[in-house]
Amino acid sequence: MDLLPSRYKIHKTKLRWILTMMTMMMMMVMRRGESMRLDMESGNTKCISDDIKTNYMTVGTYSIVNPNEGHHLPPSHKLFVTVSSPKGKSHHHAENVESGKFVFTAEETGDYMTCFVAPGYRPTAKFAVDFEWKSGVEAKDWTTIAKRGQITMLEVEVRKLLDVTETIHEEMFQLIEREREMQELNRSTNSRMAALSLLSFVVTMSVAGLQLRHLKSFLERKKLL
């Protein structure tokens, strides 16, 4: 009679262990979202950059911290927000807002810039902004995916691990490509340095030859040779 409960406990323990191990693996290899609080002042600008890979999804949310909960924010607590790509393409633009969200897929690899501008106000106002920026696997809404697909949390964790594995695979190829580019750059640099060294040697020997010729002519005129 006790076999079934015992097996159930063993299965439940194994399941917890598997979930724990999966969670630890994801914490080690998955790109974490950046959550921060920015201190703003009227007339000031603060920018944050994030290195995002091509085809990575990125999600950002921001909101001004209300110093008096239950009351409206004062008129001085407003933001101008812009998000731009490494080449300057705008992915988000908002004016005179208290909160907002941006979602896009990176079209190129590089540093994406998010800038917060607090408009000028008199008297000067100070306030805080909560900002969370997620990219890659971390940016996906796994709770919504689980609800839509009607799948278990174990299946969600497995899908996360698959996405993490694919991400690592892509980054490995990118690292290999960068290494190849660096090797080509090194070869090109070495070739140029060799050519420059040869040119310097030729110029030096030519100048030395001219000096010897001039010295010989001078000594002959003085009848020292």
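Just so it is clear, glycine is given a Cβ too, placed from its N, Cα and C backbone atoms.
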Among 77-90, 91-104, 175-188, Swiss-Prot marks as coiled coil the stretch 175-188
The correct DSSP tally for the topological domain 'Cytoplasmic' (211-225) reads 11 helix, 0 strand, 4 coil
